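Below is one structure, written out as structure tokens, with a few remarks after it.
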Amino acid sequence: MKSYMTQRLDEYRDGNEDKGRLLVSCPDQPGIVSAVSAFLFEHGANIIESNQYTTDPEGGRFFLRIEFDCAGIREKKSSLQAAFASVAEKFDMTWSLTLASELKRVAIFVSKELHCLHELIWEWQTGNLMAEIAVVISNHEEARELVERLNIPFHYMKANKDIRAEVEKKQLELLEQYDVDVIVLARYMQILTPDFVSAHPNRIINIHHSFLPAFIGANPYKRAYERGVKLIGATSHYVTNDLDEGPIIEQDIERVDHRDNAEALKNIGRTIERSVLARAVKWHLEDRVIVHENKTIVFN
């Protein structure tokens, strides 16, 4: 008998078996939308959602996300990709074609604080995050009971700076074993090495507990309290080798005042962190994010 979540994911796949997503980035010039639309029409596709943005109509960069229905797209995917290559070459495009029914496989990394993990699992169970949670990896045991109760593989891996390279080697092997597409750092309190980051470019999503670029690094709530801030926030971003400086996907804030001590700021911040991370992960799973330089275009 299939589990509740297996049934839910199968129903989503069946309901979206003909849905494709096309992401495009190229130098801005006349005729891009016309050429892409004509291509989709010629191949029997019907556009159901389209968003575009240009950094500058004259000499800027153009970005496009199209969601479309195309009967039998799973069988046609390879031929569509081959045929679209000529359009892409004409406009010097960077592009990707994905299927909504091909759910991304997610690995969640977590430490002792579980509020972000709880939020991701809740959003997943309610159908707001359509993905396969392939594995949860932690340097603490606190999450094991929650994760294994849902029949999600859980791996405890002790981690600190002295054994980081050794641990990351094992983690990378696990990610390959579970065929992971995206990694979510749900308050995973370890700094990743350049080797780890380079193995998954723009596929590691972090939540930082401050409104970046304020209070980069550790203990942001304590420093925010000492500074007497009137706003606190959270930032979800792709991980790069520059600590907390990767392309920002989503941010949010809430007002605070002098009556809020460091612990109160932390409690308020947890609520913001949960929702910000969940939105960022959702948009990545739905192919709504394009990275440009050190920024993102988010078609949400």
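The backbone N, Cα and C atoms fix where each Cβ goes, glycine too.
The feature domain 'ACT' is assigned by Swiss-Prot to 21-102, with sequence analysis given as support. The active site annotation in Swiss-Prot covers D244 and is backed by sequence analysis.
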Tell me the coarse DSSP state (helix, strand, coil) of the residue listed as 'active site'. coil
Could you count the residues of the domain 'ACT' (21-102) that DSSP puts in helix, in strand and in coil? 30 helix, 31 strand, 21 coil
